[in-house]
Amino acid sequence: MIPATPIRSIALDDLDAPALAEAAVLLRSGGLVAFPTETVYGLGADATNPAAVSRIFAAKGRPPTNPLIVHADGIDLARRCVAEWPKSADLLARRFWPGPLTLVLPRSRIIPDVVTGGRATVGVRVPAVAEARALIARVGRPLAAPSANRSNGISPTRAEHVSQDLNGRIDLILDAGPTAVGLESTVLDLTSDPPRILRPGPITADEIAEALGFPVLPSSPTVAIASPGPAAASPGLMAVHYAPRTPAIRIEPGESPPPSPTGALLAVIVVGGEPRDLSELEPCLRIDLPDPVAASKSLYDALHRCDSSEADRILIRMPPDLPPWVAIRDRLRRATAPAEPGRAPGIRYDREDPRSYR
Ligand code: TXA
Ligand code: MG
């Protein structure tokens with residue numbers, strides 16, 4: 001039997017918590033520790049230790065070509081992970097760090113190939129949770145950390161979500177309660193000119209443009225691009241499939257819900273809608289997320305709850321196509337991407353593949 005992964009609580013602001021010391025010892029010896037950030041829980045390993053980083057890919061079932069974000073406790077350590085530190089990086093780091101912005105820059109020699117899937121660039125960020133920064137400081141090295149879920153699963157915003165997905169596959173879970181922001185960081189490519197948003201997130205294109213004094217390229221809406229392999233010549237054939245296990249269907253504002261099979265149990269999530277919206281349905285679970293901040297914080301928890309309910313399908317009322325909802329619409333499109341008709345059985349469609357953000 002696989003031993004259960006221990007979960008240790010850390011009280012708010014207890015930067016001397018014994019659990020942090022235990023976690024640092026594990027990380028320094030090549031272990032895997034899930035830790036809280038303001039966005040989602042991360043699955044951390046010493047970013048300078050290739051064997052430790054390989055264990056992340058194994059635990060998540062993540063394709064080795066999908067690069068990991070490296071977490072630092074401040075600008076100094078972040079700068080050691082990159083080969084160049086342009087003025088734009090400095091401006092953005094000073095404005096938004098610690099916080100949910102990942103900067104993609106040429107990588108330095110301390111970052112091994114396995115972290116970046118062989119790419120010449122690395123994504124770095126400084127998380128806003130003080131305990132996470134204290135942990136990195138204790139380890140004394142940057143931490144590579146993707147979201148702490150199985151590849152293709154829903155990102156974790158609570159320690160329990162991590163445990164449901166990765167119990168027995170990792171060494172320790174640090175629990176600091178639900179995450180405050182709830183959606184993954186904005187990923188900004190500073191090696192392109194102008195900079196380009198690869199993944200929309202809590203920091204918007206407008207906020208970045210304002211800090212820089214010039215516009216950046218917004219993320220393109222989900223474009224499905226083929227993974228390497230025999231079918232690679234058919235962009236669109238291998239659409240990103242970023243879904244709960246329960247089939248999830250999106251309904252755009254103004255659209256009516258599709259007819260449900262008789263006897264099907266529904267879960268309904270109404271994002272950015274009115275309380276009366278979809279009130280004709282009789283779901284076994286209904287969750288309303290009326291404003292962007294609450295929706296960001298609770299979206300993944302809502303998806304987790306619907307997925308573990310008895311519902312046979314999840315209907316999601318999409319929020320309007322307006323700036324405050326960009327990142328949430330992005331994640332919901334991925335969560336409801338239909339499985340490709342006629343796709344070859346056994347092929348995994350990776351919602352985290354960076355090509356899907358191009
Ligand atoms: O908020 C977050 O970013 C969370 C917390 C734990 O920090 N992390 C996270 O990591 O969401 P992950 O691995 O689930 O998503 C990282 C995204 C992926 O889409 C990955 O392809 C992209 O960032 N990425 C990482 N490094 C990159 C690079 N060098 N170039 C392009 N994309 C990169
Ligand atoms: Mg992820």
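Yeah, the Cβs are placed from backbone N, Cα and C, and that goes for glycine too.
Unlike curated entries, TrEMBL annotations are predicted automatically.
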> If TrEMBL says T39, H71, R125, S185 bind L-threonine, which of A19, A145, A205 does it name for the same site?
Replying inline: A145
> In TrEMBL, which of the ranges 95-118, 335-358 has the region 'Disordered' annotation?
Replying inline: 335-358
> Going by DSSP, is S147 (ATP binding site) part of a helix, a strand, or coil?
Replying inline: strand
> Taking all residues of the domain 'YrdC-like' (17-203) together, what is their mean pLDDT?
Replying inline: 97
> Greatest CA-CA distance (Å) over the residues T39, H71, R125, A145, S185 that the record ties to L-threonine?
Replying inline: 13
>> Quick check for you: of the binding-site residues R62, N66, T121, S155, which have their Cα within 10 Å of the Cα of S185 (L-threonine binding site)?
In response: none
>> Here's one to test understanding: among the binding-site residues H71, R125, A145, whose C-alpha is closest in space to the C-alpha of S155 (ATP binding site)?
In response: A145
> Going through the binding-site residues R125, S147, S185, R199 in sequence order, which have a CB under 6 Å from an atom of ligand 2?
Replying inline: S147
